[in-house]
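Q: Sharing the feature lines straight out of Swiss-Prot:
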{"type": "BINDING", "residues": "Asp16, His17, Gly18, Lys19, Ser20, Thr21, Asn133, Lys134, Ile135, Asp136", "note": "GTP binding site"}
{"type": "DOMAIN", "residues": "4-186", "note": "domain 'tr-type G'"}
Amino acid sequence: MKIENIRNFSIIAHIDHGKSTLADRLLEYTGALSERERQDQFLDKMDLERERGITIKAQTVRLNYRADDGKDYVLNLIDTPGHVDFTYEVSRSLAACEGGLLVVDASQGVEAQTLANVYLAIDNNLEVFPVLNKIDLPAAEPERVKHEIEEIIGLDAHDAVLASAKEGIGTREILEEIVKKIPPPEGDPAAPLKALLFDSWYDQYQGVIILARLIDGILKKGDKIQLVSTGRSYEALKVGVFAPVMREVPQLSAGEVGFVIAGIKDVADAKIGDTVTHTLKPCTTPLGGFKEVKPMVFSGLYPIDTSQYEQLRDALAKLKLNDSSFSYEPETSLALGFGFRCGFLGLLHMEIIQERLEREFNLDLITTAPTVVYRVHRIKGDMISIESANQLPPTQEIDYVEEPFILASIHTPNEFVGGILALCEEKRGVQREIKYLTPTRVMIIYELPLNEVVLDFYDRLKSITKGYASLDYEHLDYRRSELVRMNIMINGEVVDALSLIIHRDKAYYRGRDLVSKMKELIPRQMFEVAIQAAIGAKVIARETVKALRKDVLAKCYGGDITRKRKLLEKQKEGKKRMKNVGNVELPQEAFLAILKVEE
């Protein structure tokens, strides 16, 4: 295949703007899918991806297309996830392309995540051209949306392709635009092999499968290859392309996209963004931009039924094979037993992993409240990173604590601005700017502590704006904050699973809500139970569950007052003794309640 007849492109779109359906139409039009294989969202392989209508793992597909100029082209569609949690995967997938289709819903207009991904594409020097999808809808306003694209993103949209993926309108025009507007890859097949690894996953029978875009050189079956970041060498057992099913080819050359199977056992070795080269004749400079992805949000996962611990461990190990950005380590809690502390890229990532565990492995799980990574600077001059309240050192050792901040951009119709500003202020946000993109669409930019966003920010944003707002965020930096550890004590004993790290100004209100919630949930005992919220030794809120009391005077009809007094005193003594030895079993609901208070 001549390199000037190759086009590598991706589709950039916000959730629900019709990206996967458009990909289906392109596959059908170029004959990559027969009628028999047709199914909606062909590239979204996981059930979860189909149900939520989102793309989680990148996929690629090779399309053969004969253009109007009579030449045959190979078009490589590299499907990217659209969600903010997977930004790094998106940026690597985009780095494998020369161009992109910006798909915008003609009835909705530009959304926050579209914007974030377009900027990523422009940073990677991609040639981007707009496509207005869903023009068959009665609510479609192509002219308004074209104007929006020009105003907000600064792309020339006067000749944007009008399409409807559902009805199959505009498919040919899109393919022609790809051939005309997107430049062919640059690369030298004679140079040493240099390829960008932009996705990898684990296959039960063949080990790790790598998706790579060749920048220079040629890769043949049987070649000895090396991954630059780890320096390990492997033999290329199979080389091929997805069309859209796996098909082996004798070789891949510069500019092409394909898969390599090299008997790699662990996905953690095949890191996204790494450079693949020949062992004997390596390239001199690896590709830039490789970074290790670090989890930002942590949460404990515990099996409701403790006998499922082993199953949970195996399930996590299997998920880890496909998702190297997810991390876990065992932890124990006095209240919940044995479980794992897991790290995720963000909230959506966390939900997806939990749902996959419950769905694919039939596990029943409890998840503790999500937390973020704090930096604790100690008086003796060192700094430690912690991700749960139980790791926080005693107050007297701490100099100060820092927490991560994010820059959030929220797109919303203008009637909801007031509610959103109030929400951001409540979450200790710092306002950066408010931009009116059009008379009815507003972009609000805030700096927010990630700690506040993880809990319930997204849900509340959606409910304030009736689902119309879209949120995108990027990580900013760490800042010094007045953070304290709040303990929940029951009869004077700290319950470790209920401790949390919280801002001092909010501790009093949270403590009050928590203890009153717990009061409803703890069953009454034969003795009274004190529930307290405390910071260090200072109790900031308290509720008491009153004791159940047996009527010891029932057997005395009339009779002497001293007799009654003796019985009451005896009962009082007994209660006192019981309180010293009695312990309270916390019901499962109490732990879930903690999470609910946050909602």
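Glycine is no exception: its Cβ is also placed from the backbone N, Cα and C atoms.
Let's see these features in context: how buried, what's close, how far.
A: Secondary structure at Asn133 (GTP binding site), as computed by DSSP, is strand.
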Q: What is the one among the binding-site residues Ser20, Asn133 whose Cβ has the most other Cβ atoms less than or equal to 10 Å away?
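A: The residue with the densest Cβ neighbourhood is Asn133.
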Q: Are there residues of the same chain, six or more positions away from Ile135 (GTP binding site), whose CB falls under 8 angstroms from its CB, and which are they?
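A: The list for Ile135 (GTP binding site) reads Ala106, Pro142, Leu162, Ala163, Ser164, Ile169, Gly170, given in order along the sequence.
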